[in-house]
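Visitor: One structure, pasted below without further comment.
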Amino acid sequence: MNNNVFHFPVLLDAICKLIEDLPVKSDLIYIDSTLGEGAHAKAILEKYDFLSLVGIERDPQILERAKQFLFAFKGRITYFNDWFDNFFVNYPLNAKANFILVDLGISMFHYKGSKKGFSFLEDEPLDMRLCSSSCSISAADIVNTFSKYDLESLIYDLSNEHYSRRISKAIVEYRKIKRIETTKELQAVINKVYPFSKAKINPATKTFQALRICVNDELARLKRSLPLWIENLAKDGILAIITFHSIEDRIVKDFFRSLSCDLYAKISKKPIIPSFDEIKKNKPSRSAKLRALKKI
């Protein structure tokens, strides 16, 4: 197995500040709801020896990478190969968590090493399932079977892609001739109809985002998990959520607003964003927003 870790922990300094604000620093439970390769976990466990980690990761391939990467801390870690919403529905721990971290970004390993078609930069099968055994439909299934109307709605609703209508029409026309099987095929279909003069990012970016969100049921999992995260948070515990696009950030923002200020306190009025230096070192961090609250 290649042990190179692709992922850089986003907003790590801000997360460490949250941990340092915990009133008690002894035998605390830290749940990483989206363990990935373990980049956040490694940095946190190295710095704070009073934390024990519960690491949740649905993708068995990346979970094995995390176990190797975090081997030095194996005595302080319990792993769960599960979706985070399933874990919290059936919360298996005897005590509530003192710190819950949720990084909703897709690991760079999925883009660069998984061969599952998350990125249009490589020519790969158009799959995008984090776990093939629990996700019944692939991205290829969606683009080859959904109606033009359903494709247009999916692409717009899950990415705010303004050219969703022409993209969905192009997909439907192309598949009359040939089934779309790979990332490069789909990218070529999108590029052919996208006005490049209007493109601030790669024309395929938002469509790929929408497909990934749909395949893995990301927004529904987030909505299901929000009340479960705070339910399983100990008194004075902190929930920290990192989002990477406006749709999921709005869901988190609205949920935090709905909570009683007598029971929960937002750590900051506005989301915490990466510094210029962090963005310079780690370009994917540029869209990250951290929202956090404390259970009173």
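In case you wondered, yes, glycine gets a Cβ from its N, Cα and C as well.
These numbers come from a predicted model, not from an experiment.
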Visitor: For the S-adenosyl-L-methionine site that Swiss-Prot assigns to GLY38, ALA39, HIS40, GLU57, PHE80, HIS110, which of ASP49, ASP103 is also named?
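Guide: The candidate from ASP49, ASP103 that Swiss-Prot ties to S-adenosyl-L-methionine along with GLY38, ALA39, HIS40, GLU57, PHE80, HIS110 is ASP103.
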Visitor: So how far apart do the S-adenosyl-L-methionine binders GLY38, ALA39, HIS40, GLU57, PHE80, ASP103, HIS110 get, largest Cα to Cα in Å?
Guide: 19
Visitor: Helix, strand or coil: which one is GLY38 (S-adenosyl-L-methionine binding site) in, per DSSP?
Guide: coil
Visitor: Quick one: give me the count of other CB atoms within 10 A of the CB of ALA39 (S-adenosyl-L-methionine binding site).
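Guide: So the number of other Cβ atoms within 10 Å of ALA39 (S-adenosyl-L-methionine binding site) is 23.
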